[in-house]
Amino acid sequence: MSSKGSSTDGRTDLANGSLSSSPEEMSGAEEGRETSSGIEVEASDLSLSLTGDDGGPNRTSTESRGTDTESSGEDKDSDSMEDTGHYSINDENRVHDRSEEEEEEEEEEEEEQPRRRVQRKRANRDQDSSDDERALEDWVSSETSALPRPRWQALPALRERELGSSARFVYEACGARVFVQRFRLQHGLEGHTGCVNTLHFNQRGTWLASGSDDLKVVVWDWVRRQPVLDFESGHKSNVFQAKFLPNSGDSTLAMCARDGQVRVAELSATQCCKNTKRVAQHKGASHKLALEPDSPCTFLSAGEDAVVFTIDLRQDRPASKLVVTKEKEKKVGLYTIYVNPANTHQFAVGGRDQFVRIYDQRKIDENENNGVLKKFCPHHLVNSESKANITCLVYSHDGTELLASYNDEDIYLFNSSHSDGAQYVKRYKGHRNNATVKGVNFYGPKSEFVVSGSDCGHIFLWEKSSCQIIQFMEGDKGGVVNCLEPHPHLPVLATSGLDHDVKIWAPTAEASTELTGLKDVIKKNKRERDEDSLHQTDLFDSHMLWFLMHHLRQRRHHRRWREPGVGATDADSDESPSSSDTSDEEEGPDRVQCMPS
């Protein structure tokens, strides 16, 4: 039995010899051959029968027939082992093939996983995009929903006028929705060679003053489409505002500009400008003036240096510093100022933060709350990380409401009689205020509507009570509408922007304007605003770059002054000692009214 077992081991090794590669298996086969020669012969015979190395199958078959019963029994055992050897080889091949298949499947699975992840991400992104699109569509639909029934009806009002029971027909008609919805461009007033930054009607509404980047001021007879006079403002950089002083016989214009100067122009009855003189100087750009409704000689100015000047033309030194706007001992540059028409002691300012500040000239104490009477801000912007600036604010006709336009945000209406920190009352959406210091205004004798320009080049008019967009007009081919000035008595609107002309609008269309393309424009404005809000970090980089450039300019400026033979040039007393470069440095990187021509 032991020899049979040995022969079996030997046959198995020989049968697998071609597959074996380990030295231990080969040495075990040699030891089996040294143990018994008979077994070695049998093993060799079996190897011949397995491999066929003896030359042919006949010899193998003859020897197998001449053996005894024991050998035949051994042959049976050897045959069974031979068959076992064949099965083990096939099994190993199958295992090897299976392992290769598994490896290939694993590799395919590994290759497939990133593809599946990308597909899942794409599907999630598509899902998010579709959700955002649906949300945007719902938001746009809510902003352009059906309007409520108008309060003023044309036919009943005309009938009442015929019967003499409506003494204020024109007054009420100017504030009617039906007229606003029929606004159409009447004509343009061409005379400037730069962006038009300011518009202002005189008290009677017969003249319209405009100021531009070309440093000129033009007074228009807007009905005849002709300039009454035009003159050099005396400013050294972009003219931001030019206003007729009330009750002055249209003979005095107050102006302010990017160079920080506040100047006054004296107009003669012979339709010429006698002279202009400087009455105040800010250390930064001055964007807005605030007139007192009945005063021909006093007004306020605000600048990016955070200073508010009160200017009285009757004084030898007209300007006196009224207040420096601060937030926790930090100065807040100002873009806008407006006097309350119902209480001229109060005025509101806005600028490089999110707060509307109201002051009372009789109660300004900078040691107590920095002199502020009260502040308003939309509550979601109080602690917001996004830098919200107020580009323009205005009081309503009776001073009870205050409208503020925020850059890359919406327009908010506050009740001016509410207590400090009160929430807004109304919110007006759809436009975009980012590229320039954009204006906002009330329209109508009772401030029935809100009107604003937009970076998309359109003019938006909202009904104040419902917050719905009721008019939508293309107002500027250059792309941005900055200034909107309602006529004091008629249903007429003057607008200007990056284009070099002034546009006059009146309700002369035969039917209400179709708000074609409004939804697409609103969607585009919303997407652009959302995209910009994701890149707030870039704002810090731009501020840092501006700071470095500002520092280098200052060093270069001081170095030039230290050079021998370089000194200040004599300047006219009416001119500003600061150059436009200095104005640029003071102004900072946040907002500009319009790029210089």
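Including glycine, each Cβ sits where the backbone N, Cα and C put it.
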Candidate set R159, R204, R263, R357, residue annotated omega-N-methylarginine in Swiss-Prot: R204
Candidate ranges 114-122, 429-437, 528-536, 555-563 [criterion: Swiss-Prot lists as motif 'Nuclear localization signal']: 114-122
Given ranges 39-50, 327-338, 339-350, 495-506, the stretch to which Swiss-Prot attaches the annotation motif 'Nuclear export signal': 39-50
Among the ranges 191-230, 234-275, 281-321, 329-369, the one whose Cβ pairs under 8 Å to the repeat 'WD 7' (476-515) are most numerous: 191-230
Positions whose Cβ lies under 8 angstroms from the repeat 'WD 4' (329-369), at least six residues beyond its ends: 284, 287-293, 295, 300-308, 310, 322-323, 375-378, 381-382, 384, 388-395, 397-400, 402, 404, 406, 414, 416, 437, 588, 590-591
Reported mean pLDDT - the repeat 'WD 6' (432-472): 93
Structural state census, the repeat 'WD 2' (234-275) (DSSP three-state): 0 helix, 22 strand, 20 coil
Listed in sequence order, residues with CB under 8 A of R204 (omega-N-methylarginine) and six or more positions away: D250, P488
DSSP-derived structure type at R204 (omega-N-methylarginine), helix or strand or else coil: coil
Per-state residue totals over the repeat 'WD 3' (281-321) - DSSP helix, strand, coil: 0 helix, 19 strand, 22 coil
